[in-house]
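Chemist: Not my notes, these are from TrEMBL:
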REGION    1-30  region 'Disordered'
COMPBIAS  12-25  compositional bias 'Polar residues'
TRANSMEM  175-196  transmembrane segment
TRANSMEM  208-226  transmembrane segment
TRANSMEM  256-277  transmembrane segment
TRANSMEM  284-306  transmembrane segment
TRANSMEM  377-396  transmembrane segment
TRANSMEM  417-434  transmembrane segment
TRANSMEM  440-463  transmembrane segment
TRANSMEM  470-498  transmembrane segment
DOMAIN    526-649  domain 'STAS'
Amino acid sequence: MAHHKEDDATGDETNISTQPLSYNPSQPPPVYKVGYPPQKNLTTEFKNTLRETFFHDNPLRQYKDQSGSSKFKMGLQFLFPVFDWGRTYNLSKFKGDLIAGLTIASLCIPQDIGYSKLAYLDPQYGLYSSFIPPLIYAAMGSSRDIAIGPVAVVSLLLGSLLQNEVDHEKNKEEYLRLAFTATFFAGITQAALGFLRLGFLIEFLSHAAIVGFMGGAAITIALQQLKYVLGIRNFTKETDIVSVMESVWRSVHHGWNWQTVVIGFTFLAFLLLAKYIGKKNKKYFWVPAIAPITSVILATLFVYLFRADKHGVQIVNNIKKGINPSSLHKIYFTGPLVAKGFKIGVVCGMIGLTEAVAIGRTFAAVKDYQLDGNKEMVALGTMNIVGSMTSCYIATGSFSRSAVNFMAGCRTPVSNVIMSMVVLLTLLVITPLFKYTPNAILGSIIISAVIGLVDYEAAILIWKVDKMDFIACMGAFFGVVFKSVEIGLLIAVSISFAKILLQVTRPRTALLGNLPGTTIYRNTDQYPDARHVPGVVIVRVDSAIYFSNSNYIRERILRWLTDEEEKAKAEGLSRINFLIVEMSPVIDIDTSGIHALEDLNKNLQKRGIQLLLSNPGSAVIEKLHSSKLTEHIGSNHIFLTVADAVRFCTSKSMQEP
């Protein structure tokens, strides 16, 4: 669009020079014009935008030029990946899945019983949630490594939000119904996000905020287990650290049970030792995997033989025997609790989705296979919808179990099926044996499981890389620890959005200088050797120019210009005659941005300074041309590179008397 020689100023604006000049070191380098992109009508532009927003991965490309039957088969395989990997399933893969499934089953059974307590639900509901949902996921999920079931953070969040609405002791049946309702809407939310390809929405919760939230939730969960590990009967219902520690110390003289303390801390030390062994030597991954069930067996045996329950040791008592009963009739579809169930379900569903997708992507990267995030959301949503109708509460991917599943050599989602069958056997036969299981051992298992969620190494790295991210991390962490899980989550989301708004409304700009001996222009802060061009100020805008930042960008450019004018005056240098705005990073501009450039140009004209633009992108130059701003600036003042613009400024300065 622009020219760099005065005698070229009357050329056709729409021409794009495509024939490079033959280069000779003794001749000036070839000069190109800034070109226009091809004209697009509204329909084409809308379709392109829609495709890039929702279908950037082109999911329908494999269906091209296929017959109807082939499309049907491929569609079935897309919805149910089991029909794809199931065709090549063999005994060798089954051996790996069998070992992995049995290993994660030994880990999940005691965890499920403990996690159900975090959600203020009876123990069998934790086991129910590791029976049906894993079977649904095995058929529909695309991750080979995720182990499905209840997880600590979602269980705590669900219990906390439900308890705010309905007291689980006074209105047990209503509380249970609201839990199933929340699970139903969590599934609806997850499936809808995947079906409508809106998975990018979960990316708004930044990694730093998740690290802080998970760490804070882990501390809160561990503190909650002091009730069981110390044998305290009258314990606060609050989750913040101040209330919990007050409750602990108030009961130190009369509320602690020494037998419970011995059981709890002995087995906690055993579990942590097992975890340390597995971490030090990957060969012994099975040691921390079987340690929880081993602890449960030994602790239960100890309580039964010595009748410790008669001496104040709290036990699980009876776990309801049998498979999942139907709960469809218990879900609220009408009434005042529907909205509350929907709100709780959306929040818990989003957190569960974030955790599961992050876990799936982590292990997919290690094994070098593709994970379809939207397909994962549909699978997770479907399993929670079905789960809500079969007495399950929200299930998702568990990091600890998935890690064990991975290290145990799982090959396909069949490991989830094996785990589910072991849970089924437990529900049908083994549950009466858990009667004398002390609550202290379940508390110890949960504490050892959540310790890994406190990722201090990630927090240190976040501090080194981005201080704003660290504030988000710590804000989420302290919000959970000192207030509540929901407040911590709100802080995490708020700071994540605040960071986005700050970056959008206050984008970076940079003053550019010439690297000696080259035609390269770079940030003078990053490259101290870069020299300022006499009489010229070069500013780069590192952002799209929108209504949210257009005024700031205009004012910031003028401030750069004023600073350079004062500096030139103080040092006795030639006055500033040209301002070059480098627009390579400017990916887009709206009407407010165009008005800001118009105002900038008018301001410069009053000061006798010429505005020049360098390398505007296709979307930007198209809008500048449509708004007639190119005519106001002058087509011969828009250049392909900063070097071309500087040559133009130099030649103009030499022509002046």
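Glycine residues also receive a Cβ, built from the backbone N, Cα and C atoms like all the rest.
Automatic prediction, not curation, is the source of TrEMBL annotations.
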Chemist: If you count every Cβ pair below 8 Å, which range out of 175-196, 284-306, 377-396, 417-434, 440-463 shares the most with the transmembrane segment (256-277)?
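Modeler: Per the Cβ count, the answer is 440-463.
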Chemist: Does the transmembrane segment (175-196) come near the transmembrane segment (417-434), with 3+ Cβ pairs under 8 Å (pairs 6 or more apart)?
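Modeler: Between the transmembrane segment (417-434) and the transmembrane segment (175-196), which are separate recorded stretches, there is no contact, as judged by 3 or more close Cβ pairs.
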Chemist: Going through 284-306, 417-434, 440-463 one by one, which has the most CB pairs that fall under 8 Å from the transmembrane segment (208-226)?
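Modeler: The stretch with the most close Cβ contacts to the transmembrane segment (208-226) is 440-463.
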Chemist: Report the DSSP secondary-structure composition of the domain 'STAS' (526-649) as helix, strand and coil residue counts.
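Modeler: The domain 'STAS' (526-649) comes out at 63 helix, 21 strand, 40 coil.
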Chemist: I'd like to know the mean pLDDT over the domain 'STAS' (526-649).
Modeler: 92
